[in-house]
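What Swiss-Prot records for His37, Asp48, Ala49, Gly50, Gly51, Met52, Asn53, Lys106, Tyr138, Thr162, Arg182 is 1D-myo-inositol 3-phosphate binding site. What Swiss-Prot records for Gln43, Pro44, Gly51, Arg259, Lys264, Arg323, Glu345, Glu353 is UDP-N-acetyl-alpha-D-glucosamine binding site, and it gives sequence analysis as the kind of evidence. According to Swiss-Prot, the Mg(2+) binding site annotation covers Tyr332, Arg333, Ala335, Thr359, on the basis of sequence analysis.
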Amino acid sequence: MHQAGASTRRLHGVAILSTLKSMSTTPRGRIAVISMHTSPIEQPGVGDAGGMNVYIRSTSLELGALGYEVDIFTRATRSSQGKIVQLAPNVRLINIIAGPYEGLSKEELPTQMVAFTSGIIEFAQCEKVSYSLIHSHYWMSGQVGWLLRDLWRVPQVHTAHTLALVKNSALATGDRPEPESRRICEQQIVDNADRLVVNTEAGKDNLVFHYDADPEHIDVVLPGADVTQFSPGSDRATERSRRELGVPLHATVIAFVGRMQRLKGPQVLLRAVANMMKKHPDQELRVLMCGGPSGNGLARPTEFEDLARDLGIDPIVRFLAPRPPEDLASVYRAADIVAIPSYNESFGLVAVEAQASGTPVVAARAGGLPITIDDGTSGILVDGHDPADWATALQSLCDDDDRRIAMGENATDHASRFSWASSARHLSDIYEDAIRKGPHVRCGSDRAGAS
């Protein structure tokens, strides 16, 4: 396996160290966090990076602050990344070489699970470190974590973030369903992991209903938001954001933030806006679409630009590249409304970030969004994805300045209940309980069943 050089570099504001000796012991234990298919330092909104990346990085940093030693394992995608990235005291990102740096689609990554697992084992042996617990994220990492759990004889905590059967039950028109092979892998993880962590009670219900999970093995941990990064701006800051984005100061602005794929519903918003402009052609409306193509959207990267043009609304729609949090905050502040027409969201981090920025949210009543939004107080929940219904909900806020402003003020208060520090404390309790009990032992041929 290639080893990184001895120099120190900079990447996304963190130091990259090619060699870093590990502490042999720590009062709180050492955690192996596994995120095979996407790195937590990748830009959200690019490729497969999204809320899960923010979740892993944010909780890991908070766990490090609590005294845990956290090693996050991800698949290397660039030779310049270095072997070890020091994100913070106690928190390291380990780039494991498994297959070529480029050229593999997300659907092809399962072919590298053995190589990735081998790389983790080699790293632990070479560094002479042992782990108290494994926390895997997403189904591919769950499969890797399952093997390491049995090898290291430590408990495995797993967070799915999304589930094949849940996604397939709410597909957008034209979206490709998740394969049965993924469903089987998810079932195996559910059957073998020591603890399952979900973002909401709805996520818990989905595991029980679709995967026959034992509810006693499921913990609900609400994600958080960086309220220091995302906070309401002054009128002057809002004006500056609009000027930088090329948006008229007196226009009503609707923003979409997320990956450009049908599952996230950008087509719903664009059709709703076309409906709004048809009924109210004289209103000064602008739409900001912030994000890059991902998943099935990679097959047609200009699909939504083409749709805006076909609908005749391209003069009022601006597509923005994904941007880091410090720049994304200005998009939220520039907007009067943030729209989230997703077909499924395990939580809805964008909703919390937008509300923390003082912007009301109009979102689909799907997944965890009813938890992140206080319907009628900090935003509006829309049943279904009919563009006409979305046009009605959006227009109601565009036309009522007092209601929209009041919702924005309420949104800030509502978002304050979501904290990464609180999430990490809850995870710590789960970890300590799992470590105390140790990995459960299952004997018999059903451990790898495909039921």
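Our numbering is plain: 1 for the first residue shown, then up by one each step along the chain.
Yeah, the Cβs are placed from backbone N, Cα and C, and that goes for glycine too.
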Spatial neighbours of Glu353 (UDP-N-acetyl-alpha-D-glucosamine binding site), counting only the binding-site residues His37, Ala49, Tyr332, Thr359 and Cα distances within 10 Å: Tyr332, Thr359
Check: same-chain CB within 8 A of Mg(2+) site center, minus Tyr332, Arg333, Ala335, Thr359: Ala255, Ala329, Val331, Ala334, Asp336, Val338, Ala354, Ser357, Gly358
DSSP-derived class (H/G/I helix, E/B strand, else coil) of Lys264 (UDP-N-acetyl-alpha-D-glucosamine binding site): helix
For Arg259 (UDP-N-acetyl-alpha-D-glucosamine binding site), the number of other Cβ atoms found within 10 Å of its own Cβ: 23
Pairwise CA distance, Arg323 (UDP-N-acetyl-alpha-D-glucosamine binding site) versus Asn53 (1D-myo-inositol 3-phosphate binding site), rounded so that it is a whole Å: 14
Nearest-integer angstrom distance between the alpha carbons (Cα) of Gln43 (UDP-N-acetyl-alpha-D-glucosamine binding site) and Thr359 (Mg(2+) binding site): 22
Residues satisfying Cβ distance under 8 Å from Lys264 (UDP-N-acetyl-alpha-D-glucosamine binding site), sequence separation of at least 6: Phe256, Gly258, Gly291, Pro341, Ser342, Tyr343
Listed binding-site residues (Ala49, Ala335), ranked by Cβ neighbours within 10 Å, top entry: Ala335
Pairwise CA distance, Arg333 (Mg(2+) binding site) versus Glu345 (UDP-N-acetyl-alpha-D-glucosamine binding site), rounded so that it is a whole Å: 23
Whole-number Å value of the largest CA-CA distance among His37, Asp48, Ala49, Gly50, Gly51, Met52, Asn53, Lys106, Tyr138, Thr162, Arg182, listed as 1D-myo-inositol 3-phosphate-binding: 20
Inter-residue Cα distance where the pair is Tyr138 (1D-myo-inositol 3-phosphate binding site) and Glu345 (UDP-N-acetyl-alpha-D-glucosamine binding site), in Å: 14
Rounded inter-Cα distance in Å - His37 (1D-myo-inositol 3-phosphate binding site), Arg259 (UDP-N-acetyl-alpha-D-glucosamine binding site): 16
Those binding-site residues listed as Tyr138, Tyr332, and which of them has the most Cβ atoms within 10 Å of its own Cβ: Tyr332
Surrounding CB atoms that lie within 10 Å of the CB of Thr359 (Mg(2+) binding site), all protein chains: 30
Neighbour count (Cβ, 10 Å) for Arg333 (Mg(2+) binding site): 23
Three-state secondary structure, which DSSP defines for Tyr138 (1D-myo-inositol 3-phosphate binding site): coil
